[in-house]
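**Student:** Here's a structure for you.
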Amino acid sequence: MAPFFFLLLLSLELACSYRHPLDPLTPSEISIVGSVIKISHFGSSKSLSFHYVGLDEPDKPEVLAWSLGHRRSKEKALPPRRAFVIARSEGKTHEIYVDIASRSVVSDEVYEGFGYPMLTFEEEEAASALPFGYPPFVASVRKRGLALEDVLCTPLSVGWFGEEKQGRRRVKIACYLTGDTVNFYARPLEGVTVVVDLDALAIVEYEDRVVVPVPESAGTDYRAAKQRPPFGPQTKPGAVVQPEGTGFEVDGHMIRWANWEFHLGYDVRAGTVISVASVKDSEVGTPRRVLYRGFVSELFIPYMDPSEEWYYKTFFDAGENGFGLSAAPLEPNADCPANAAFMDAHFAGQDGAPVRIPNALCVFERYAGDASWRHTEFGFPGQVITEVRPDVSLVVRMVSAVGNYDYVIDWEFKTSGSIKIGVSLTGILEMKGTRYTHADQIAGDEHGTLLARNTIGVYHDHFVTFHLDLDVDGPANSFVRSKLKTVGVTDGSSRRRSYWTVAKETARTEADARVELGAEPGELLVVNPSKRTRMGNLVGYRVISHGATAASLLSDDDYPQIRASYSKNQVWVTAYNKSEKWAAGLYTDESRGDDNLAAWSRRNAGIEDTDIVLWYTAGFHHVPCQEDFPLMPLLSGGFELRPANFFERNPLIKTRPNGPVLLPNSDLLSTPLSGAAMEKLLAMATGLVALLLVAGAGPAEGAVFKVGDSAGWTIMGSPNYTAWAVSKSFDVGDTIVFEYNANFHNVLEVTKAEYNACNASSPIATYATGNDSITIKTQGHHYFLCGFPGHCTFGQKVDIYIPKSSSAAPSTSPTASPPSTSPAAAPSTSSSSGTGGISAPAAAPRPSAGAKPVPQAFALVLAVFSFVAVAGGLVRQ
């Protein structure tokens, strides 16, 4: 009865929690899906694991019909909600469809083909811990004169290199030295190969082939607190001022801004998903659809070192690791400006429970100081005519931190009707240890650049492929190549000898729409053959490259290239097929290239005047340089979808200019007020102070802080516990909660010296339940770290500091609550029932359960006094 009652409550909660057929699954829906599968025939499985849980999106005609009906009547019923699940059980991969409303498994089929589903955080973490208990690995570490506690390991996909039979589901473990830096990628433990069977969670192959010096840690740490003079260039702080507030409207997952409206979603594999994007034509007065569905389909990152320890490093970051799974919480005022709004994301952990990624997406208006259009006319005698309109755009941003690299993906909507897609790379290079300490020592091909002593940055590529289901003014579209042809003038009709003109070719089949950018000059367009402007031109959108046009240089018979055979062309067009979403195939891990974009294109289906999908790959060849070390600055490229005869004329020509934004004048503020005005201000301030002090006079209760918030206590995703602690306001009586997987983590309370040295040999106290609640009873510093080898040096430690001015009765020492019976989670699970809608940024307050108003009141008193002093002329600005 209990499971049924639980599901009933969740289904009642769902009734008003989603508003659009394409909304991503809510935490409640994820919980229902997990529970339904667990109480089905999988209930007896000892190895059930969830690798993908996402919306089984309704058929496209059904969504479009709902959208049309919803515009006319808000009471239009939503299509049924279903989930698509990829799970592993007893060594087999299952494709499961779950009806959420009826709480039932609709179908369950075992996948018998090649390849495996995405890896999970939990199994990656478990695999990474195995070498530390493996005697040959321990011996290899000692042979190099290294301390085991300074070693950190991470899993890497193994690829496919011609094996005829489907073998074990494996990863290779790469290990590094941390020491006094968090940039462990710069200190590889070269020469060691560890192969792990993921299903058995056991090491099945091991080789220690060569000993190479481990690079020094000096100069590798990128944290601000570790930097020493001379510092880098310093700029003045800035801010975005919107005196009338933000210009966009959020309705669930629908975003409306200026002349645009679109649906913003999230997928654990793709990350950001833009749907039903329409632009309003002021001449017509109604929205016109441009894009039905757009998202990152795959990322292919092959490294160019064929050596034993490197040849397999040919990664597919979406299909193997999950581009959305790796979404990093965005930092307000850094990743996104102060005027940004944020959206949380939710995915299913390996156990099927919902996991929250806070601030996974942000939306903001960009004021770059550029013009959207301008002209200055000097042609009229005695006068100058100048008209300028500022360019303001709306940006949707996500950052995915896939291992060492951080990818910034921007969808920028412009009032001109354009959609600009930006791809930016930053983060840390994948580096190889070497004996070389100077470039002059290198005689042969080392497959990279010497960046520092004993450190080579290996050559590699980044190919980011987008799935773009364009619906230009309707679903029936065609793909047109406008080729620029040189025409010679030979008949003497002009003093010119040549000119160029346009020859348009409409692609009939998929084979006609494979494009290598730069091979010949021209333009690429998607047009609606049944829609024309008043001038008779076909309505369309152009595809314009903004750099990053590299294509793969690998040979066609190279195994990584077979798997990513689509990477030889930057543009492909295929007939719409709901199941064809992932350019490298649904099962990418250890795939063989038999189910990818190039394979689909070989069927050569018709693509004229029908529903088509355009695939665009932004490509980078990366030759590392010293400026990329120890962490590379942003490298950007992308492309644009730009109107081409979509409007009757420039849609911005009638845009009225905004008035000037007046900022506070410091001279005005420094003018002293009259005595009477000053007396009034002081009286108001005194009354406000009294109210605040009365409000703060009540008893204070301890607050509860979960270490790392949604990330929990882990090393996965490289959470910054120092920044987390600094952002909080701790007090005596507060409870600090550590949630973690007890198989791979613990919590040790240590002294300051042990904390700084990452020494866990003599802890003050040890906690290992997986859910530890520790009440802080004294002021000062309280140091905690993880005692598992290498975890502390990787940053798994936290200093809980309570200033001496903190108010509460002191006690002797922290105490732990009784062990929790709830299951451990890594990362932490979410019990939120919200829809993941966008919310405006806010400062992180103390948890409401233990809010203590006295310090806040005191701060406000100081703020009021400062204002009175400035306004009254007591303090000059």
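Including glycine, each Cβ sits where the backbone N, Cα and C put it.
Pulled these from TrEMBL:
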- Asp317: active site, proton acceptor (ACT_SITE)
- Tyr405: active site, schiff-base intermediate with substrate (ACT_SITE)
- 822-847: compositional bias 'Low complexity' (COMPBIAS)
- 703-804: domain 'Phytocyanin' (DOMAIN)
- Tyr405: 2',4',5'-topaquinone (MOD_RES)
- 809-847: region 'Disordered' (REGION)
- 1-17: signal peptide (SIGNAL)
- 857-875: transmembrane segment (TRANSMEM)
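How buried are the listed features, and what sits near them?
**Tutor:** Neighbour list (Asp317 (active site, proton acceptor), Cβ cut-off 8 Å, at least 6 residues apart, same chain): Glu298, Leu299, Ile301, Phe323, Ser326, Ser400, Val402, Tyr407.
The number of other CB atoms found within 10 A of the CB of Tyr405 (active site, schiff-base intermediate with substrate), across every protein chain shown, is 22.
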**Student:** Of the residues in the domain 'Phytocyanin' (703-804), how many are helix, strand and coil by DSSP?
**Tutor:** 15 helix, 32 strand, 55 coil
**Student:** Can you tell me the mean pLDDT for the domain 'Phytocyanin' (703-804)?
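**Tutor:** Taking every residue of the domain 'Phytocyanin' (703-804) together, the mean pLDDT is 88.
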